[in-house]
Amino acid sequence: MLLRLPPVFLTVLIAIASCSVYILNIAIESGFADSPYNFNQTTVGLAYMSTGIGYILSSMAGGRWMDSIMAREARKVVRSDSHGKLISLPEDHMKENAWVANTLYPLSSLWFGWTMYYGVQFMVPISALFVFGFTLMLHFTLGTTMLTEFVRKRSSAGVTVNNFVRNILSCVGTIVAAPWMKGVGLRYMMTKLCIICLLLGSLGIWLITRNAQRWRGTLDKALKEMD
């Protein structure tokens, strides 16, 4: 039922990023294990740490950045309650942070794919993985937080739907990654993945920011009918 509501569907659409995570994970393993890197299993495992460090740092800094953006947007239009507490709206989550995250995580996968193809010194693709992890966590955080704001009365259901779709996309990514990479090569796979993620993510962000005010009324009415 919730997926029929536009803001929920589009927030889940932005979660296409989940698919890219698992495609990249398989690309890391096969890429570093092959020539010219020829990493052993332990070293390949250590390569995943750069993405993990990006996740950790982003989870620490991303929330503060998003909070500052939301407070700025509320102050800009003097939106507060009778006690002077700032009131934020769901679309306040998607400002420059959304565009930065949605742009950099696909581009970092492109960076990774092409530097791996040309056998550039291993710290260069490793750096791409760090940027990917950092910006992807920003992407996940703002998407989940905004979704709970849209469906406050059913926030747990909204997050469940989001996770359900993410898991499906993760499964798809895991299944298609190896044959896709074998068919077109790492660089072209990452190029196509970059384009898909950029287009779908940008479309979702643009539609939400453009229509959020109108959709809030429709969403509140629909949620009341579900009660």
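For all residues, glycine too, the Cβ spot is worked out from N, Cα and C.
Swiss-Prot has this to say about the protein:
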{"type": "CARBOHYD", "residues": "Asn40", "note": "N-linked glycosylation site"}
{"type": "TRANSMEM", "residues": "8-28", "note": "transmembrane segment"}
{"type": "TRANSMEM", "residues": "43-63", "note": "transmembrane segment"}
{"type": "TRANSMEM", "residues": "100-120", "note": "transmembrane segment"}
{"type": "TRANSMEM", "residues": "122-142", "note": "transmembrane segment"}
{"type": "TRANSMEM", "residues": "164-181", "note": "transmembrane segment"}
{"type": "TRANSMEM", "residues": "188-208", "note": "transmembrane segment"}
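When each of 43-63, 100-120, 122-142, 164-181 is checked for Cβ pairs under 8 Å to the transmembrane segment (188-208), 100-120 comes out on top. Around the Cβ of Asn40 (N-linked glycosylation site), the number of neighbouring Cβ atoms within 10 Å comes to 10. Outside the transmembrane segment (164-181), and at least 6 residues removed from its termini, the chain residues within Cβ reach (under 8 Å) are 3, 12, 15-16, 18-23, 25-27, 30, 189. Beyond its flanks by at least six residues, the transmembrane segment (43-63) meets 24-25, 28-29, 32-33, 97, 122, 126-127, 129-138, 141-142 of its own chain at Cβ-Cβ distances under 8 Å. In the three-state DSSP scheme, the residue listed as 'N-linked glycosylation site' falls into the coil class.
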